């Protein structure tokens with residue numbers, strides 16, 4: 001026992017006798033937390049994780065599905081559809097009684113597009129399969145995945161992996177009867193406007209669905225993220241017994257606030273049956289190759305597929321095994337904490353925030369009045385000035401750095417997100433170090449004031465987090481946000497650290513200074529000086545003074561120990577909570593989205609503010625942890641990283657720039673232009689040396705659009721392209737009805753835009769009877785005519801209708817301008833569709 005005590009004392013004195021060893025200890029502690037979190041981030045399920053699931057078979061499905069681009073408006077889509085049907089019919093043959101397959105060629109939907117008066121009409125071509133469950137009284141669960149791709153991509157991640165996972169789950173439940181009915185919807189035309197999901201809502205099977213799981217791809221590869229969940233009840237189905245969970249509540253808030261503009265089928269299903277609970281499981285990384293030709297089998301992995309398959313299976317199993325009839329609940333909140341996910345009701349979370357905002361400061365104030373020495377130090381203006389000016393300096397420094405970075409190399413985060421994030425951490429740490437040192441030096445603090453600055457700054461950090469929690473709580477209540485949860489960790493850690501400072505002052509400081517306590521308690525030192533008596537010559541006997549000096553000799557050792565304890569409680573948890581939010585979800589989701597619209601440096605600002613909140617807890621320790629030499633090394637590292645970031649190429653083969661393109665041919669004027677998104681100066685770098693437009697006088701760039709004379713498309717049409725769109729008008733002699741018929745060659749999409757609003761009686765026999773100026777029509781089969789019946793309001797005033805039809809197939813050189821540019825562009829760039837239709841041809845007719 002005595003040997004153990006001696007060994008512990010030896011380790012204790014050796015470990016905490018200097019600031020350097022304390023810093024090493026603190027760094028080691030941070031690394032332990034990082035390794036714990038790294039394990040959660042990088043663990044993938046084994047390929048044979050779930051008995052009965054064959055990921056190799058699913059990988060074969062994926063290769064079959066992604067042989068070529070297969071948008072809804074293509075013949076390749078029919079090939080993929082037939083493959084899925086064949087696989088499902090095999091399952092039906094195994095168990096005719098419990099497996100039902102529907103080739104849904106009858107569901108038709110029409111609706112008004114949100115925020116517009118545009119009427120959409122769509123003829124669905126979904127594939128539905130139903131597995132009968134043991135308990136017929138329980139309402140069915142829906143699993144959905146769309147099988148169409150965009151015209152410019154092979155659809156490996158979006159959404160081949162979702163389809164392959166759904167197929168493998170279908171095979172599993174064909175052999176393992178579920179507790180309740182399972183419906184799987186392999187839907188078509190999601191990429192155009194979620195039409196497949198909308199068509200499903202018209203089918204009778206949709207009327208009784210109680211919960212759903214949607215498999216999607218909003219990126220290319222990586223891990224499948226729980227993007228959204230409607231409530232905490234259904235979210236538990238994802239986390240229950242799931243060692244491979246990967247989720248963030250930030251996705252819910254991003255969609256809710258409109259930060260993410262694109263949508264998935266989730267938004268259709270959640271409104272089904274006046275509100276249906278569900279989960280949205282999607283890939284989100286590598287958006288630089290999302291919707292491009294590099295979304296193929298070569299740019300993904302079987303481990304990504306297996307991650308989605310296993311997570312989908314666990315979620316679906318828990319949903320099917322749920323005994324309750326309804327999946328009702330409140331808004332969800334979930335977050336990772338060092339290797340595991342925590343869940344809480346968002347309303348309960350906000351209620352507890354209000355309680356903490358009232359109770360915690362009350363507790364601290366009541367305790368503070370019992371410690372006059374600490375209260376006296378907190379009232380000194382030098383500390384408040386030091387903390388406030390230093391924090392303001394860091395924020396101003398951050399702003400200058402972000403503005404400079406976005407001026408000199410605005411897209412650098414696209415290819416170097418980790419370097420930018422590391423640079424922001426260094427920027428904030430450097431700002432804290434130099435600003436605190438400068439302010440403390442020029443504020444003429446005494447040695448005694450400098451010795452207790454650590455404790456005082458901990459209290460000021462707690463005040464900062466209290467204000468942040470107040471703002472975060474009010475914002476969350478008003479806007480229903482859950483992603484501000486990281487503020488709670490900062491506040492709780494600082495509150496707990498304040499309690500520790502009271503313990504230190506009460507039991508480890510006040511007892512040491514009772515010998516020379518001044519008459520006025522406010523003159524009492526908060527921390528004993530290491531140089532002996534802080535108040536001049538002692539009037540006490542020499543042997544008493546020696547006792548005090550003997551005790552003071554261990555003050556530095558105790559100070560170092562307390563600093564490590566404070567650091568361990570205050571820094572790691574808030575630091576890694578903010579770091580996780582940035583590195584796991586926010587940066588991977590947005591760092592390649594700057595090119596999707598008008599440039600904005602919002603992602604830089606959000607990232608640097610979050611880094612500031614992660615680093616601010618380190619401010620009490622910068623004096624002890626970093627010497628002048630260490631600060632100089634930190635400065636050199638910052639300058640080196642800045643230099644590398646400024647000269648880094650923002651786009652490369654692994655992180656290419658993505659140009660939106662389309663061709664428009666006006667059949668009335670013969671104007672034939674190919675449009676390329678203008679991202680200055682990179683569009684010019686690609687096009688200025690493009691051989692086909694070097695001598696093209698029509699080439700010009702206006703705002704966000706560059707265009708030049710395009711080659712005439714072929715489409716495999718025999719005859720002049722004028723006849724590819726044939727418009728005929730039949731007026732009834734006995735009524736005011738007029739039938740507008742459009743026959744378009746080999747296309748399923750045509751848009752009708754009238755010069756004035758017209759009364760639409762029906763579309764392809766589907767009754768509408770409303771007034772509209774624009775119509776969007778999608779038919780089920782090639783060769784089907786587009787028929788719109790209208791009612792004439794005034795025959796003396798002619799109405800013009802412009803019909804625009806779309807084509808997406810570019811094989812066999814059908815759209816030579818696209819294939820030519822695709823073959824020419826450098827490796828650091830890719831092409832993607834601008835909207836529905838790589839080729840748009842328009843024609844105007846007078847009604």
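Backbone N, Cα and C define each Cβ position, glycine as well.
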Binding-site annotation, Swiss-Prot, Zn(2+) 2: partner of 191, 291 in 158, 253, 321: 158
Record-annotated Zn(2+) 1 site (Swiss-Prot): member among 86, 87, 216 besides 146, 158: 216
In Swiss-Prot, residue 408 and residue 478 sharing a membrane side: yes
Transmembrane segment per Swiss-Prot - which of 631-651, 652-672, 673-693: 631-651
Where Swiss-Prot places transmembrane segment among the ranges 606-626, 711-731, 732-752, 753-773: 606-626
Glycosylation sites listed as 208, 274, 834, least Cβ neighbours within 10 Å: 274
Cβ-based neighbourhood (8 Å from the centroid) of the Zn(2+) 2 site, residues 158, 191, 291 excluded: 149, 150, 153, 155, 159, 217, 290, 295
Spatial neighbours of residue 290 (site 'Transition state stabilizer') among the recorded positions 158, 190, 191, 734, 834 [C-alpha, 10 Å]: 158
Cβ neighbours of residue 216 (Zn(2+) 1 binding site) where a neighbour is any other Cβ within 10 Å: 28
Which recorded positions sit within 10 Å of residue 190 (active site, proton acceptor) - Cα, from 146, 208, 726: 146
Cβ atoms near residue 291 (Zn(2+) 2 binding site) (within 10 Å, other residues, all chains): 27
Residues of the parent chain within Cβ reach of the transmembrane segment (483-503), under 8 Å, 6 or more residues beyond its termini: 248-250, 252-253, 333, 335, 349, 353, 356, 360, 364, 367-368, 371, 374, 455, 458-459, 461-462, 464-466, 468-469, 472, 475-476, 562, 565-566, 569-571, 573-574, 577-578, 581, 610, 613, 617
Any further residue of that chain within 8 Å (Cβ to the Cβ centroid of 146, 158, 216) of the recorded Zn(2+) 1 site: 145, 159, 162, 190, 191, 215, 217, 218, 264, 265, 282
Residue 190 (active site, proton acceptor), number of other Cβ atoms within 10 Å: 28
